[in-house]
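Shown below is the structure under consideration.
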Amino acid sequence: MAVLRPDLMMKCAIPVVMAGIIGIYGLVVSVLISGNLASPMPLYTGFIQLGAGLSVGLAGLAAGFAIGIVGDAGVRGTAQQPRLFVGMILILIFAEVLGLYGLIVALILNTNSAVDYTVRLRLRLHLCFSFWFH
């Protein structure tokens, strides 16, 4: 659309920028996960980190599809009717929030991956069985 209407060049680039932000979410989570890698890693920690990566990845995929569809239709509509720009931005924000939800879930999972629940489980089982058998 920038060829037909050069005055809309910056407005038409907004969906591209918002799609790039989704990639930054994945980069943040991958750096956090790679910082917690250790050679003898518990299975629990590995699955939590896998879940964190999948949550930000799949949420980013869904947000990327939504931003692409809305961005395409919104840019074409804005070229014909400039009043549609505000509506396009609002819908793009709602699509971006899908990726942000995935980032939040991944950060919560990643903070819980450092806790070793096997020690807590052994302690609880020990307390439970020591109460009944003593």
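A Cβ is built for glycine as well, from the same backbone N, Cα and C atoms used for every other residue.
Just so you know, TrEMBL annotations never went through curation; they're auto-generated.
Below are the features listed in TrEMBL for this protein:
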{"type": "DOMAIN", "residues": "3-33", "note": "domain 'V-ATPase proteolipid subunit C-like'"}
{"type": "TRANSMEM", "residues": "12-35", "note": "transmembrane segment"}
{"type": "TRANSMEM", "residues": "47-72", "note": "transmembrane segment"}
{"type": "DOMAIN", "residues": "50-109", "note": "domain 'V-ATPase proteolipid subunit C-like'"}
{"type": "TRANSMEM", "residues": "84-109", "note": "transmembrane segment"}
What else in the chain is close to the transmembrane segment (84-109), if you only count residues 6 or more beyond its ends and a Cβ gap under 8 Å?
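That would be 11, 14-15, 18, 21-22, 25, 28-29, 32, 48-49, 51-53, 55-60, 62-64, 66-67, 70-71, 73-75, 77-78.
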DSSP helix, strand and coil counts for the domain 'V-ATPase proteolipid subunit C-like' (3-33)?
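Taking the domain 'V-ATPase proteolipid subunit C-like' (3-33) as a whole: 27 helix, 0 strand, 4 coil.
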